[in-house]
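To start, the structure under review is shown below, and the notes come after it.
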Amino acid sequence: MIRNGRGAAGGAEQPGPGGRRAVRVWCDGCYDMVHYGHSNQLRQARAMGDYLIVGVHTDEEIAKHKGPPVFTQEERYKMVQAIKWVDEVVPAAPYVTTLETLDKYNCDFCVHGNDITLTVDGRDTYEEVKQAGRYRECKRTQGVSTTDLVGRMLLVTKAHHSSQEMSSEYREYADSFGKCPGGRNPWTGVSQFLQTSQKIIQFASGKEPQPGETVIYVAGAFDLFHIGHVDFLEKVHRLAERPYIIAGLHFDQEVNHYKGKNYPIMNLHERTLSVLACRYVSEVVIGAPYAVTAELLSHFKVDLVCHGKTEIIPDRDGSDPYQEPKRRGIFRQIDSGSNLTTDLIVQRIITNRLEYEARNQKKEAKELAFLEAARQQAAQPLGERDGDF
């Protein structure tokens, strides 16, 4: 088990309100290519109780039931551990959720999104806990899925960027990516994510820097928020006893200017929620200027500016974007110790394209078969249904 506590520094489980026993909540899943949809599910689950335990499946279990994961189990454990609503991570959690698992970790109930998760033989992985009344459901986040993100990487288009309409070519490709012939699965495909102020409020901490805290500014694309970013932010967090980290996220067009191709894979709104979900980040500047200016440093009362070991690309006029913090002597480059980059993730997907398409087709076929069986069961007269006597 990996215990997180409620803050980045860790801590013990606290009693519930009024001194009552804390309500312990269980979630589990693959958590492959973790995005803000996963984070939102865990946020909702945490709100249903006082202490959230998240079980993460092994590579072997995922390959058996779904197909090869994009990230290794160690990478996935660390990504889930970095989500601020998670109190504890259980590595190598069983793929099928049982009462035995809930009892082992003293959990009152488990929470899952309102989509379906099936075993290799097409059975609902939550069947046992549902029958026992120890299952709760939360809303699935519309407009994002791992399938959609993989589709964006494979189809080199900028249609997903902010302020751009989704092209008919992109929509057709994303809707059909990995689908079995004739598939009409309500949980697969793509829809545009609609950002709202309420969603940002739900993800944000809402805390201002306090006296004695060190305000640290970092900036970048933070695209496909991944282990490399987490390792960097964790190292930055350790630079001060009481850090307050502000992450500046560049506009999509700015990122595309210095990254090229169809980057960023996730648009500014999506990247904002992904970064806000990280336990090491206190605040996000949405659409930060590429150059870290004197005005920005003064406005946020920045004590320290950090950048990773990746190349610092000059601004459009050829100037160093970190010229001002360097002049003030408050600039530091941090080695995250990770070699994972957004480019490497995209390369993994491209290299294993056929495997991922086959995986999604297999998943789609199982889910459609389950839906059809449920429809037929519901259409039968009561006395003829399985289990009715």
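Even glycines carry a Cβ here, placed using N, Cα and C.
Here is what Swiss-Prot says about this protein:
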REGION    1-20  region 'Disordered'
BINDING   221-222, 229-232, Lys259, 307-310, 336-340  CTP binding site
MOD_RES   Ser338  phosphoserine
MOD_RES   Thr341  phosphothreonine
MOD_RES   Thr342  phosphothreonine
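Looking only at Cα atoms, Asp231 (CTP binding site) sits nearest to Ser338 among the modified residues Ser338, Thr341, Thr342. Cα spacing between Ala221 (CTP binding site) and Thr342 (phosphothreonine): 10 Å, rounded to the nearest whole number.
Taking a C-beta cut-off of under 8 Å and a sequence gap of six or more, Gly308 (CTP binding site) has these contacts in its own chain: Gly220, Gly228, Phe232, Gln333, Ile334, Asp335, Ser336.
Across the structure, Lys259 (CTP binding site) and the residue listed as 'phosphoserine' are spaced 20 Å apart at their Cα atoms. Of the binding-site residues His229, Lys259, His229 has the largest number of other Cβ atoms within 10 Å of its own Cβ. Of all Cβ atoms in the shown protein chains, 11 besides its own fall within 10 Å of the Cβ of Gly337 (CTP binding site).
Counting only residues at least six positions away in the same chain, the Cβ atoms of Gly228 sit under 8 Å from the Cβ of Asn339 (CTP binding site).
Here His229 (CTP binding site) is positioned 9 angstrom away from Ser338 (phosphoserine), judged by their C-alpha atoms.
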